[in-house]
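Worksheet for the structure shown next.
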Amino acid sequence: MSIWEVILAFVVVVLMLVALLANVLVLMCFLYSADIRKQVPGLFILNLTFCNLLMSVSNMPLTLAGIIYKSQPGGDQICHIVGFLETFLTTNSMLSMAALSIDRWIAVVFPLSYHSKMRYRDAALILSYTWLHSVSFPIVAASLSWVGFHHLYASCTLYNKRPEDRTQFVIFTGVFHTLSFLLSLIVLCFTYLKVLKVARFHCKRIDVITMQTLVLLVDIHPSVRERCLEEQKRRRQRATKKISTFIGTFILCFAPYVITRLVELSSVVYISSHWGIISKCLAYSKAVSDPFVYSLLRHQYKKTWKDIINKVLKRSSINSSALTSESHNRNISQLNE
């Protein structure tokens, strides 16, 4: 193995371990907190977490084996199953992010009618569509034998080995990425920009009220006035940062891989295998960033995780106290004897 292959293998191992840990933490928070389970977005986050966990235990290990051995890991049947899962899970993850953005859009733009427009039944219908949409493309690819080990990405993925099917495969790949990556990106941009517009409008209203209050309070201390102005600035930046993170991580992780897949079809531009694996690692990194972007950095999940830690520590402390007391009683009984 070259130094580049060693580095790429190490990156895949890190991504796999962090993705497993982070998504397991999200799953634990979901199972522990009744408040999180009651919320409609929790269904979308649970679906996204399921996709990320399955990607971490199925596709990432085989990509690691493909980098190390430079050949197809396992038999054709295993590779076909993993390639099917890769197409399904990637599409499902993208559509789950789009569903989360739609939920935020309805909650912010239509707050009074949110509970009537986004119920558990509505969320279940959206998830049903994401599954139906996501499973249709790998079924077509598998039926046409367009799934196999691709050396450019060291992965079991969409791959056409028959030159006579090239035109059909190009059309299929273009439609697939248009209805998965591009559609999800359009929904993300539309919904989150609407959310940002509403957030900025509310910030302006709050800023006007704050400035009027500061003008009326002529005896206010300069340090208090300065803190109020700093809070205004942070408030304006907060929504922009969050929305930039949602859209930015989606583009950064998926766009290089999708563009590489489309450029590869032209057979004119040479693509290095190292870049192919790097673009694949960027796509895998979405499974690492999703738990933090959508869950673990939110206040409710932080509180839930702290409650879990405190409960575990308290139980350990109680068990330790019980063992100490039992040992103390045993020593006293031995002395009495």
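Any Cβ shown, glycine's included, is placed from N, Cα and C.
Features reported for this protein in TrEMBL:
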type: DOMAIN; residues: 22-294; note: domain 'G-protein coupled receptors family 1 profile'
type: TRANSMEM; residues: 6-32; note: transmembrane segment
type: TRANSMEM; residues: 44-69; note: transmembrane segment
type: TRANSMEM; residues: 123-149; note: transmembrane segment
type: TRANSMEM; residues: 169-195; note: transmembrane segment
type: TRANSMEM; residues: 243-263; note: transmembrane segment
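Distant neighbours of the transmembrane segment (169-195): 87, 90-91, 94-95, 97-98, 101-102, 104-105, 108-109, 133-134, 137, 140-141, 144, 146, 158, 160, 239, 243, 246-247, 250-251, 254-255, 258, 261-262, 265; these residues of the same chain sit at least 6 beyond its ends, with a Cβ under 8 Å from one of its Cβ atoms. Only residues 6 or more beyond the boundaries of the transmembrane segment (243-263), in the same chain, are considered here, and those with a CB under 8 A from a CB of the stretch are 90, 94, 97, 101, 158, 173-174, 177, 181, 184-185, 188-189, 192-193, 195-196, 269, 271, 275-276, 278-280, 282-283, 285-286, 289, 293.
Packing against the transmembrane segment (44-69) from elsewhere in the chain are residues 1, 5, 8-9, 12-13, 15-16, 19-20, 23-24, 26-27, 30, 78-79, 82, 85-86, 89-90, 92-93, 96-97, 99-100, 103, 123, 126-127, 130, 149, 153-156, 277, 280, 284, 286-287, 290-291, 294-295: each is 6 or more residues past its ends and has a CB under 8 Å from a CB in it. In the predicted model, the domain 'G-protein coupled receptors family 1 profile' (22-294) has a mean pLDDT of 87.
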